[in-house]
Amino acid sequence: MAASRPSRSVSARDISIGCERLDGAGSWDTLEWTKIEPVTRSVSHANFEFLLEAERVLDEGHGVVLVNTDEAGTLFVTNFRLLFLSDGTRNIVPLGTIPLATIEKFNKMVVKVQSTSRNTNKSSSRRLLQIIGKDMRIIVFCFRPRTKQRRAIFDALSRCTKPERIWDLYAFTCGPSKFSNLSPKVRLLNEYFRLLGKGFHHASMRMIEDGSFTMSNDSWRISDINFNYSLCQSYPFALLVPKSVSDDEIIQASNFRARSRVPAVSWCNPETGAVLARSSQPLVGIMNTRSTADEKLVAALCAQLIDGKDSRRKLYIADARPRKNALANGAMGGGSESSSNYFQSEIVFFGIDNIHAMRESFARFRDYLDTHGAASSDGMSSFLRHGGWTWGGGNLSSMSASVSTLGDSGWLIHVQSVLAGSAWIAARVALESAAVLVHCSDGWDRTSQLVSLANLMLDPYYRTFTGFQALVEKDWLDFGHPFSDRVGMPSISGSSFELSRNASSTGSFSSSPLRQSSGSSQASNSSHAQNNYSPIFLQWVDCVSQLLRIYPFAFEFSSNFLVDFLDCVLSCRFGNFLCNSEKERQICGVDESCGCLWAYLADMRSSEGRSHAHYNLFYDTLKHNGPLLPPAAALAPTLWPQFHLRWACPFESQAGELEAECRNMAIKFSELQKAKEVAEMKAKEYLAAMEILNVDLQNEKQVSSSAMNLAKRASKENAAIQRAVQSLGCRVNFTNSSDSTVDVESSLMETSQRLSLPRRESEYTMEHNDRSDLSVSITVEADDVAPSSSPLGQVCETLCPLRTQGRGCQWPDAACAQLGSQFIGLKANFDAFDRLSIYDRYFKSE
């Protein structure tokens, strides 16, 4: 990710005495290092919270100044990186911290600076260590004099940046940890199944072991001819080839291709039959040798008819090299195809330079950014940093000349060449449904760039996170791009990249003492000529970023993802991009012994979801669901700010500030959406609670209605009881107390007796309406009064001679009920009293 410029803490200018900047770009501040208090305390490496898993400190230097930013701190060399810790904040300074594998070369220098003091004519010297990175940075550290700290740091870098064996790399020391790597072979087969239109099949290690992965469709088949890498050591174990060509014919054709890299399918369209294939150069030599097997294999790429018509599919053979280079290779046994030997074919040369030209162009480009950056490695010669007074005095012609230096580096021109060639290939495949065979010399550098970039334009799947991983693994890792050689790491044979280290130099510099070109010295050129380091993969990622700039809605991932991805590749922290081929990684046991870069990046994204910086906020699957075919006018490249400017111009590298603001707005919008969802859920809960309350209210209403009905019925029953009792000659008074008064009148009694009857167990009591304790109580017989002496009893005995003596009224089982007496007692059907008068007969006579 783009690192922000670190804050200044203990500045070298703040601790210098008598420092004066002389006029001109070549002056240098003289530092009084004796004024810096050395750190004498013992540092416990085990307590360093900033160390990664299995990372350990090998050496350290105190009182070191990062010249780019004038910041003092402590410099550590670990088994993974060169780490600079600020003395002021005790935080890691991103500019001064670089993985060891990302260091291209480092140099010791001693610079003599004339003292500005009037009392002495002595000159002071500075002990400097220049670090040149593969990620566009050039940093310089200044060490205290009369110490051996610079020697210790230099020796530690010499040992660690140039390991003797591949197993000495940090990726093996750290192990897979939680970022384990599933078998890449399984992922390759799944990609082949998708290209064959059989995506419903899922590969497994068991399928690989028993050889049941050799599926096919009408045109193509998966061959296991290279299962043991006997056909080609730099090809994958499984190849996608024309179905009409046998394995024996493929073996014969391999003898005609450099390093046995036969034509193999990289991408195909199952609907149109269009195909994109790759190989190495043919071994035609100066004698223009031919191979029948190779011609048949290439012809099989375009044998399928277009839409069932009689016309044969067009064949394009795209040679990535300049024509003169291809002819020159013919003198060494290589060369290019002849259109007369391949039926209905057309040969096209793209004119892309080789790895050595790319390396030199990258070095010039890096020097240009360092020269005119805000955090220049010499600390002074930036126009942006010093208002232009060090840039030719602000002369307009010198400014124009410096701008032309960017063009002179040639980097953007090379990027445009790769973009234009890939766009041409994608257009032929998409618009003409043609067959295109791409190759360069060995078929693993420029060929990988062109084929993978054309795939990215043709297939929207490759523009997603999952598809991008499948694309890189297929066309770069599985098809044998030599990452160890190009990145400068040891291969399985034990030979390693020879880092360029210039010997200590002493001299007096009149101008910009650190402005030493990162790739212009004779020693540097000699060293580069003896190795195969080249930023080929970095250049391809640069091309991807250009497409992302042109089509911001077409990619699921963002530019920040590409930066982090490229940093992981260059750091060699994970095992995915170690070694030169699939075979070498299998022999080294990389998949089992090292962590997985893809799992690490996926874990980063999972921490924040779609709001993570790796996601492209503008990604729209419907806007670009087909091929991307950029016109030539749109392919003019520009600087990739997030990567090219992040070290030299950290503030300007945030050119994606608009994207960052949009991301912040998206995060806020996401938070508002979540709050809205929470509010909607609460509203639903409230609605559900209201529905429950409504149901309860309805139930209460029903209960209340039932209670009212019962009250009305009780009222009717009370009235009926009153009339029935009054018919017996009694008067009933209802009160709110627990007692009632009953007056009994009878013609057989001369006087009326007033009785106050308390409630007893033999009472008939009815309560109604929760708000009232109104009760009716009629006592038929008291405990202390004989039945015959009770007025009611006497009346009942008088009127009911069938009443059983001493047992009370037995109605309706008594004989009186059976005889149809009109005096029916208190257990009668009270509703009948509302319909009958007291003189009516309630029971019919039998």
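Cβ atoms are placed via backbone N, Cα and C, with glycine included.
Copied over from TrEMBL, here are the features:
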- CYS440: active site, phosphocysteine intermediate (ACT_SITE)
- ASN354, ILE355, CYS440, SER441, ASP442, GLY443, TRP444, ASP445, ARG446: substrate binding site (BINDING)
- 200-644: domain 'Myotubularin phosphatase' (DOMAIN)
Residues that sit under 8 angstroms from ARG446 (substrate binding site) by C-beta distance, when 6+ apart in the chain: ALA320, ARG321, PHE350, ILE352, ASN354, VAL418, CYS440, ILE536
Listed in sequence order, residues not in ASN354, ILE355, CYS440, SER441, ASP442, GLY443, TRP444, ASP445, ARG446 with Cβ within 8 Å of the centre of the substrate site Cβ atoms: ALA320, THR447
Spatial neighbours of ASP442 (substrate binding site) that are distant in sequence (at least 6 apart) but have CB under 8 A: ALA258, ARG259, ARG261, SER280, GLN281
Close in space, distant in sequence - TRP444 (substrate binding site), Cβ under 8 Å, 6 or more apart: SER234, ARG261, SER280, PHE479, GLY480, HIS481, PRO482
Greatest inter-residue Cα distance in Å for the substrate-binding set ASN354, ILE355, CYS440, SER441, ASP442, GLY443, TRP444, ASP445, ARG446: 12
Local Cβ density at ASN354 (substrate binding site) - other Cβ atoms counted within 10 Å: 17
Around the Cβ of CYS440 (active site, phosphocysteine intermediate), the count of other Cβ atoms that are within 10 Å: 28
For the domain 'Myotubularin phosphatase' (200-644), mean pLDDT (0 to 100): 86
